[in-house]
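K.L.:
One structure coming up, written as C-alpha cells, with questions to follow.
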Amino acid sequence: MSSHVPSFLRGTPDMTAHGGDGKSRNVAGLMLAAIGVVFGDIGTSPLYAMKETFSGPHAVAMDKGNILGVLSLVFWAITIIVSFKYVIIIMRADNRGEGGSLALLALVSHAAESNRRLSLMVSALGIFAAALFYGDSIITPAISVLSAVEGLQVAAPHLEQWVVPLTIVILFVLFAIQSHGTDLVGKMFGPVMLVWFLTLAILGIRNLSHAPSVLAALSPHYAISFLFREGWHAFLALGSVVLAVTGAEALYTDMGHFGRLPIRLAWYLLVLPALILNYFGQGALLIYNPEAIANPFFNLAPASLALPLVILATLATVIASQAVISGAFSVTRQAIQLGFLPRMEIIHTSEEEMGQIYLPFVNWLLMCMVMVLVVGFKTSSNLAAAYGVAVTGTMVIDALLVGTVMLLIWKWNPRKVKWLIGGFLVVDLAFFLANSIKIPDGGWFPLVVGGLLFTILTTWKDGRKRLLARLKADALPVEDFLASLSDRVPRVPGTAVFLTGTSEGVPIALLHNMKHNKIVHERVVLLTVIVEEVPFVPEERRLENRLLAPNFHRVFLRYGFMESPNIPKALAHARTDQLGFFYEPMSVSYFVSRETLLPTEKPGLRGLRDTLFATLARMATSAMDFFHLPSNRVVELGSQIEI
C-alpha cells in the first residue's frame with residue numbers, strides 16, 4: 001500500500017480483499033470492480049432523489065432559497081452519513097475483512113457474550129437490520145429500473161404507457177439469468193458504471209454553468225436556514241433527501257469482496273464528486289428552468305441525447321439491481337451458516353469465484369415480490385415512500401452496533417463514543433422520523449417484510465437451540481454405547497460417517513442403524529459441522545479428529561459463515577495422519593437423520609412459533625444436498641420428535 005495514501009483511507013494492515021483464488025488483486029482493478037458493484041444503488045439515486053423532494057407527496061415549494069437549502073442538505077447528508085460515518089468509521093469494524101449486518105452481529109456478539117442483556121439487545125438489533133435488508137433488496141430493483149424506464153416520458157412521450165410493462169420484462173430477464181451466473185456480464189459492470197459516473201459529472205457541469213450560484217449551497221448555512229425557515233415542511237423534505245444516501249450500507253456490506261482501500265479511493269476520487277456535481281447540476285437546472293421538475297435528471301441532457309441516456313440509466317439500474325440480488329444471496333448464506341435460517345439449495349455459478357452463488361428459492365421469491373411492487377405502486381414516486389424507512393432503520397442500527405464495537409472491542413473512551421454515536425443518531429433518527437410519516441403511503445411495506453423475516457430468523461435460531469438441547473439431553477453417552485457393544489455384533493467392511501448436530505452423545509442415526517440392521521461398520525465416524533463466527537476458516541484448522549476408541553472417531557469440520565460446507569471434499573483434502581485413517585470415497589457410507597418435528601399443543605405465541613419452526617424444518621434442503629454428499633452413498637434414517 002503506497003505511503004502517500006492518507007492514513008484514514010488505509011484501514012488496518014490485515015485488511016485484504018479476497019476472491020475465489022484468495023489472492024489480492026491490484027488496487028486499480030479492485031477500484032473498477034467496486035465501482036461496478038458497490039456503488040450501483042447510491043449511484044442511481046440522482047434519478048429520483050431531487051425529483052421527489054420538489055414533486056413528491058410532501059414536496060416543498062420550489063424557489064431558489066429552498067433549492068439551495070435542499071442541495072445543502074443533500075451535500076451534508078452525503079458528507080456526514082457516507083463519507084464520514086460509513087467510509088471512515090463503520091468500515092473499520094470488519095469481521096476479518098467481511099462487512100454487513102450479520103458479520104457485524106457475529107463480531108459484536110462474541111465481545112458481548114459475558115453480558116446477557118447486552119448480548120440479547122445486540123442480537124435483536126443485528127437480526128432486524130438483516131431483516132430490513134431484505135425489504136431493501138425487494139424495493140431497490142423495482143424503484144431503480146422503474147425510474148430509469150420513466151425516462152421514456154422525456155425521450156419518447158408516446159411510449160409512456162409502456163413504462164410498467166418494459167420494467168417488468170427487464171426485471172424478469174434479470175432474475176431469469178441468475179442461475180447462469182454473472183461471471184461473463186459481470187466483467188462489464190465496472191466499465192459501464194464508470195461511464196455512468198462520468199456521465200453524471202458531465203451532465204452536472206453542463207448545467208452548473210447556467211447557474212453557478214448554486215455552489216453556495218456547499219455551506220451548511222443554507223441547510224440550517226432552510227430547516228428553520230420551512231420548519232415542518234423542511235422536516236418532511238428530509239424523507240426525500242435521504243434517498244440521496246440509499247445504498248451507503250453497501251460500501252460496508254461489500255467490503256470483503258474488494259477491500260477497504262479500493263472502495264474508499266473509488267468513493268473519494270470518482271463517485272462522490274460525480275454525485276455532488278450531478279445533484280448541484282439538477283439544482284441549477286431547476287433554478288433556470290422550473291418546468292424541468294417533471295424529471296430533472298433526464299432534463300439535464302439535450303433532447304437529442306435523452307434516449308441514449310435512458311438506455312445508459314437502464315443499464316446502470318440493472319447493474320445496481322444485480323448487486324442487490326447478489327447481496328441477498330450472500331446474506332442468506334450467512335444467515336444459514338450462522339443458524340438463523342434453515343438449509344437451502346446453494347448453487348455455485350463460477351469455478352473461480354466462490355462468492356458467486358445462486359439460491360433458487362430466494363431468487364424467485366424476490367422476483368415475485370419485486371413484480372408485485374412494480375404492478376402495485378406503478379411509479380418510482382409512489383415507491384419512494386417505501387424506500388426510506390428500511391434504509392434509515394438500518395442506519396440507526398448500524399450506528400448502535402458500531403458504538404458497541406467502539407466500547408467493547410476498540411476500547412475507545414466512553415465519552416468520545418457517546419458524543420460521536422450521539423451525533424450520528426441525531427442525524428439518523430431525524431431521517432428515520434421524517435420517513436415514518438410515509439408509513440401509510442408505502443413505508444409499511446419494508447416494515448412488514450422486516451417484521452416477518454425477524455420472526456422467521458429468531459424462530460429458527462431459538463427452535464434449533466431448543467432442539468439441539470433436547471437431542472443432547474436425550475443422547476446416549478458414547479462411553480455407555482461403546483461399553484454396550486458386544487463382540488457378537490457383526491462388523492462389516494467400510495467406513496460409516498454419521499452426521500450429528502451435537503458434539504456429545506451418540507447420533508440417533510447410529511442407534512437406529514444398530515436397531516434395524518444389527519451391524520456396525522469396521523470404522524465409525526461421528527461428524528459434526530461447526531460454523532464459527534468468522535467469514536473463513538484456514539485449511540489447517542478445517543478438521544479436528546478425536547479417537548474415542550479403536551476405529552471409532554469423532555470428527556469436527558469447521559467453516560466460516562461465508563463458506564459452503566462440502567464434507568466429501570474436506571475429508572478428501574485431509575491428510576491421513578490428520579484424519580486418523582485413509583479416506584477411500586467408495587468405501588464410505590454417510591448416515592443422516594431426518595427429524596420430523598411434531599408440535600405439541602401450547603397456548604399463545606409459543607405454540608405458533610413451534611408450528612412455524614416445524615414448517616421451516618420441513619422446507620429445509622436435505623443434509624445430503626446441502627453438504628454435497630454423493631446420493632448413492634447416503635442412508636437417511638427418520639425419527640419423530642415432539643417439540
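A Cβ is built for glycine as well, from the same backbone N, Cα and C atoms used for every other residue.
Taken from Swiss-Prot, the feature region 'Disordered' applies to 1-20. Here Swiss-Prot flags 27-47, 70-90, 120-140, 157-177, 185-205, 231-251, 267-287, 300-320, 357-377, 389-409, 419-439, 440-460 as transmembrane segment, drawing on sequence analysis.
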K.L.:
Can you see whether the transmembrane segment (120-140) and the transmembrane segment (419-439) are touching - at least 3 CB pairs under 8 angstroms, only pairs 6 or more apart in sequence?
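P.N.:
Checked: the transmembrane segment (120-140) vs the transmembrane segment (419-439), no contact.
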K.L.:
Using Cβ atoms and a strict cutoff of less than 8 Å, what residues sit near the transmembrane segment (389-409) while being 6 or more residues removed from its termini?
P.N.:
81, 85-86, 89-90, 93, 101, 104-105, 107-108, 111-112, 118, 122, 125-126, 128-129, 132-133, 135-136, 139, 242, 245-246, 248-249, 252, 417, 420-421, 424-425, 428-429, 431-432, 435-436, 438-439, 443, 446-447, 450
K.L.:
Is the transmembrane segment (300-320) packed against any residues at least 6 beyond its ends, judged by a Cβ distance under 8 Å, and which are they?
P.N.:
36-37, 40-41, 43-44, 47, 140-141, 144-145, 147-149, 151-152, 154-156, 170, 174, 189, 192-193, 195-196, 199, 203-204, 206-207, 247, 278, 281-282, 285
K.L.:
Any contact between the transmembrane segment (267-287) and the transmembrane segment (27-47)? By contact I mean 3+ C-beta pairs closer than 8 Å, pairs at least 6 apart along the chain.
P.N.:
yes
K.L.:
Out of 157-177, 185-205, 357-377, which stretch touches the transmembrane segment (27-47) the most, going by CB pairs under 8 Å?
P.N.:
185-205
